[in-house]
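Below is one structure; the comments refer to it alone.
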Amino acid sequence: MNGHFISFEGPDGAGKTTVLQAMVEHYQQRLKDQLTVTREPGGNPISEAIRTIILDKNNTEMDERTEALLYAAARRQHLVETILPALKKNHVVFCDRFVDSSIAYQGAGRKIGTDAVYQMNLFATEGALPEKTIYLDVPSELGLKRIMTHRTEDVDRLDLEQLDFHQRVRSAYLDLAKKFPDRIVVIDASQELDDVKRDVIEVLDQILN
């Protein structure tokens, strides 16, 4: 089996992590120890330490560019320590977020500029991108409603942003999907969960079968 790098993306409230876990359960028996599941920011001790700083809701004074640079630093370490070694072993890598998240959240959400953040991350990753990206799309209003309903005890600093921030994030994701149609597959995440899982499995089966 050849290695495959697959990322899962989506605005807050899209159910991304829930869907990713369902995909792990679906493919675990088939792939066994050839499946590597990781997340961003995180995936190794250094990147997890950076994650704690980024998402701490007490860090309200964090500058936008500081945030973007921290994400890029965590991503670099994640790539060289976790993702690339797994791919060299011909593993399938399921990654909860990658470069597209920074472009959407810091580039558009924080208004730093999507091109600037893209170039920053090209430097960090030396151009490495997922083979396929599953983008779970949900209207911002619905996403925020889900956050407040289901995640009241586990809300991080980015979840606390206002509606216009999340609308900019979603718009940037959709722009990326238009720019990279061969890599990014848009899934309607406003559907029932079983329907979302069915659509994602249909995409992944084309890669993994």
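Start at 1 and count along the chain as shown; that gives each residue its number.
Cβ coordinates are placed from backbone N, Cα and C, and glycine is handled just like the others.
Here is what Swiss-Prot records for this protein:
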BINDING   Gly10, Pro11, Asp12, Gly13, Ala14, Gly15, Lys16, Thr17  ATP binding site
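Counting other Cβ atoms within 10 Å of each Cβ, the lowest count among the binding-site residues Gly10, Pro11, Gly13, Gly15 belongs to Gly15. The ATP site, placed at the center of the C-beta atoms of Gly10, Pro11, Asp12, Gly13, Ala14, Gly15, Lys16, Thr17, has further neighbours from the same chain whose C-beta lies within 8 angstroms: Leu136, Val138, Gly143, Arg146, Ala189. In this structure, Lys16 (ATP binding site) is part of a helix by DSSP. In this structure, the binding-site residues under consideration are Ala14, Thr17, and the one with the smallest number of other Cβ atoms within 10 Å of its Cβ is Thr17.
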